[in-house]
Amino acid sequence: MRVFVTDANDEQPVFRNLPFIVDVPEDTPSGSSVYKVEAVDRDTGSGGSVTYYLQNYHETKFSIDRHSGVLRIKPGETLDYEKSRTHFVTVVAKDGGGAYKGKNQVMTSSATMTINVIDAQDTPPIFVGTPYFGYVYEVSVPATEVGSEGAKLDSSTTIVTIRVVDLNNHPPTFYGEGGPQSKFELTMYEHPPEGEIVRGLKITVNDSDQGANAKFNLRLVGPGNMLRVVPQTALNEAQVTIIVEDSAAIDYERFHFLAFKLLAVEIDTSERFSATADIIIHLLDTNDNIPKFSSEYYIARIPENSPGGSNVVSVTATDPDSGRWGEVKYSIYGSGADLFLIHSTSGIIYTQPWASLDAEVKSKYNFYVKAEDMEGKYSLAEVFVTVLDLNDHPPEFNEDYLEKTMVIGAPVKIEAVDDDAEEPNNIIEYSIMRTDPVNVFDINADTGEIKLKPYIKSLEIVQNITKQKDCKWSVVVQARDRGSPSFSTTAVVKIDITEAVR
């Protein structure tokens, strides 16, 4: 039987490259593309097609192409850093709908995009309180003491200290070995030890301002809580260190690479200047998985007398590791495995070329199958084999000619034996094939008990029936099994009828 599994619309669209954080200069022309979102639906057909739209479309300055996911500034709209420095846009991904449990189902997912408006030099300085007026008298002299008649008297000097106050005009900046850098990449093996520093990243962050203007937080944004950043707060400059938090989650079988956003955000300033750097970690596989069988046990049935080399059952184990680490070899062992072999790569179990299966000798076998990778990591499953009985034995009486003495009122019993192993092949039905005269005996088809007809209650009645007057009968009895095809055998039963001694 071949079973075809059809897809149901049971998967919702999943956004890629979360979180969505976009920096857009305020002087970007209307209609310009600012980002491309992408969501994937693992269903097939219409259930796997994805379209996009924005929530509260009429209240935002942005639009999205429903097919490509490209986000644009609406025609006629502009961004203004001085009015709004951050916009939040909720993007909805909707599949094309499809059947699920007999009904049409449409599934959606949503994600919020953060759009940071970057200031552009589009506003000149503005003087406050203009116009400005002041005056001095002509031919004025420095301020010196002047006598009552205008004579200059004593004078003095002093030092005036002008303190230059820091202006918050430098955002935090990330640096690599060669200068300012916004993307850092490295390669490492999956499942590094927890608490270990991620090697190969040389990142420095600097804010050239002074005092509170140079204080900032560091934050790492990415999938799960795999990594953390140290320090979390810095002043002026810091060496960035990334430490492993969740070793199990850093799994090559789940992610071939990891993408994080490293954020530096000022703490105590009104401007809250920030910087972003991408950290891309490419993972290398290790042999961290063992082969796993599709079932803990396998049940097989094979007819007896099957020729040597007959297929019994196929077992399957998978190892999600890559390359040769994912290759599986099969073997069998155990006391019940002597008559069987297994193909080391396909997992097909078959009988030995010389094997002869006989349900009457042994009908049950069980043994273990082992799936092992190249480094010796393995798992086990148990195989149970039942040898199916064929109807290959006819019923047999102990002798072809039987002699029985029957006391009137009591039955005599005959018995045949069928050497087949299972029902109905070894179930026997008895019948009387021939007797002379007829209508004298009955036989129980299940037990083989022969008795006189109910009306024969004395030896006198028997003597009146038989011609020989000797009260002896030859009865031909058949034993037939219930197998398919059915086998039978016959025997002659010599019955001598007597009365009970009083």
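Placement of Cβ uses the backbone N, Cα and C atoms for every residue, glycine included.
All annotation found in TrEMBL is predicted automatically rather than curated by experts.
Because the structure is a prediction, the values reported are computed rather than measured.
Features reported for this protein in TrEMBL:
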DOMAIN    16-127  domain 'Cadherin'
DOMAIN    137-174  domain 'Cadherin'
DOMAIN    180-293  domain 'Cadherin'
DOMAIN    294-397  domain 'Cadherin'
DOMAIN    399-499  domain 'Cadherin'
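In this chain, the domain 'Cadherin' (180-293) lies apart from the domain 'Cadherin' (399-499): fewer than three C-beta pairs between them fall below 8 angstroms, excluding pairs fewer than 6 positions apart.
Mapped onto DSSP classes, the domain 'Cadherin' (399-499) shows 7 helix, 47 strand, 47 coil.
Confidence across the domain 'Cadherin' (294-397), taken as the mean pLDDT and rounded to a whole number, stands at 94. When DSSP labels each residue, the domain 'Cadherin' (16-127) comes out as 7 helix, 51 strand, 54 coil, counted as helix, strand and coil in that order.
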